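Chemist: Dropping the structure in here first, questions after.
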């Protein structure tokens, strides 16, 4: 007979119930036992610290479990379930078994709606945070002696209890092993400070790595280094700010307007703790490689004859599907729509500029070095217009070669020519004519035209106030880095990453080109636009073979050919990168790893 329908409590003072020596866990408020008949079968995954080479597969499996309900129709970045909507208990948590080098195992219970650690167990004792919920209490680690910790699971509380900030805590295989097999396994005989510090290690190496491919890569490298027992790293400013700002970046992505333009700004820091303002999705993705988003808001359903005013959902993210109703979340969580003002940069990093800072009707729009002047400020309105100084950007007609100017929005000679659509790949298109903004040449004072879309670099644009090229190395198949000779008409290939090697550094321009950092007149180029054509380095010319788009699925796409960069035959020894049809295979996966000061990843 069940003694209690829910949970059987035997509440005693921790110091008495466990016979704990003075100075260890003396501030635990209570100990209780749970009814084992309430045990739920949750999805479970395993990771053995001795098998560090499987770390990438472990993180991939974790992402797959927590995104099983994500819509499969649209973009590539899944949004986690909304905790405000009903989620079957059996699908609410995932159990992660972490086994140390001595065979001891710690089990984490992660909430699938946010990847937070809800509770954990070790050595047949379950530990809950101070702010545990009834859902957690009634369904996790039933039948175990259970201890309630005096702190919560957020970073502020954990760092306060640990007495040390994350920036001063080493991460890597040895810290993870010690966290699991010493501090967490021996939780009843160590201080709460030790438990909190251990959790800071575990959370970053599991939950944060699942949220961000950037963090996953840093951790993975620590596992696969030749001397991994000694190899550790500490979080830098970029990593810490990514962890802190995950909710705000999730909100900005979900409410971003077409082209992934943010309504607000995500305030990050670079690795040296200098401010880094991010106002568009492409920049955010290149810095963080965000892989999962917290649910913040949904997009309104488009009614007959209309389209969503926030189409970024279809271009970037996969919204969760209500596991009970089989529909996407909307209702009261609908995203608010804004009208951000940003700069628009393009060919050779030059900005769109209203000539002579004049707001007279008919003044052409030209390329000009980027600055803070008002005639380079463009506001993206919900009616589809893009305006500067109160005037609409419009073409002089619907014919290829017509120039682009500003004009009074209500009296423009070709009314529908004032409407524009910004694509996530950087094209700005007039939907009536299908023509796109184009810079005929890379020179200041060049007047912009509308022409047929060829997906050339002359037609690539980036909307955002950070107009400087992003310098990065590019990690590909087998976690090796893209490298070139930095000379014209030479091939690129993969080598072991050595971040102090200039041949592995690339500058990402707003026109969609990937340039040699040491000579920015040289561009990564496809030697043709057919499958199996080689990827080489050529002098930049703004052509169709030099525009490359980093997709959220990890591929690098040539939008004209609709082919992606591919390590030929998955064989790095061939030293060939080619264009090929998308297959989803690992030899077509790439990631940017950006650092402004270019230290080693393990520093």
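Glycine is treated like the rest: Cβ placed from N, Cα and C.
If you look up Swiss-Prot, you'll see 74, 168, 356, 408, 488 marked as N-linked glycosylation site. Swiss-Prot lists 338-466 with the feature domain 'Ricin B-type lectin 1', giving sequence analysis as the kind of evidence. The annotation disulfide bond is assigned in Swiss-Prot to 351-370, 392-409, 481-497, 523-540. For 478-516, the entry in Swiss-Prot reads repeat '2-alpha'. Feature annotation from Swiss-Prot assigns repeat '2-beta' to 520-558; the stated evidence is similarity to another entry. The annotation repeat '2-gamma' is assigned in Swiss-Prot to 561-597 on the grounds of similarity to another entry.
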Chemist: Hey, what's the Cβ neighbour count for residue 409 (disulfide bond) at 10 Å?
Modeler: 17
Chemist: Under 8 Å between C-beta atoms and at least six residues away from its ends: which parts of the chain pack against the repeat '2-gamma' (561-597)?
Modeler: 213-214, 217, 238, 270-272, 274, 286-287, 289, 470-478, 480, 482, 491-494, 499, 508, 526, 528-535, 544, 548, 550-551, 553-555
Chemist: Let's check the environment of residue 481 (disulfide bond): how many other CB atoms sit within 10 Å of its CB?
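Modeler: Excluding its own Cβ, residue 481 (disulfide bond) sees 21 Cβ atoms within 10 Å.
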Chemist: Residue list, the repeat '2-alpha' (478-516) vs rest of chain: Cβ under 8 Å, 6 or more residues beyond ends.
Modeler: 217, 220-221, 224, 286, 345-349, 425-426, 457-458, 460-462, 467, 469-472, 522-524, 534-540, 542, 546-550, 567, 572, 575-577, 586, 590, 592, 595, 598-601
Chemist: Using all protein chains in view, find how many other C-beta atoms are within 10 Å of the C-beta of residue 523 (disulfide bond).
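Modeler: The answer is 28.
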Chemist: Quick one: pull the CA-CA distance for residue 540 (disulfide bond) versus residue 488 (N-linked glycosylation site), whole Å only.
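Modeler: Residue 540 (disulfide bond) and residue 488 (N-linked glycosylation site) have their Cα atoms 10 Å apart.
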Chemist: So, in DSSP terms, is residue 409 (disulfide bond) helix, strand, or coil?
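Modeler: Looking at the DSSP assignment, residue 409 (disulfide bond) belongs to neither helix nor strand, so coil.
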Chemist: List which of the disulfide-bonded residues 351, 481, 523 have their Cα within 10 Å of the Cα of residue 168 (N-linked glycosylation site), in sequence order.
Modeler: none
Chemist: What recorded positions in the list 356, 408, 523 lie within 10 angstroms of residue 392 (disulfide bond), counting C-alpha atoms?
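Modeler: So the list reads 408.
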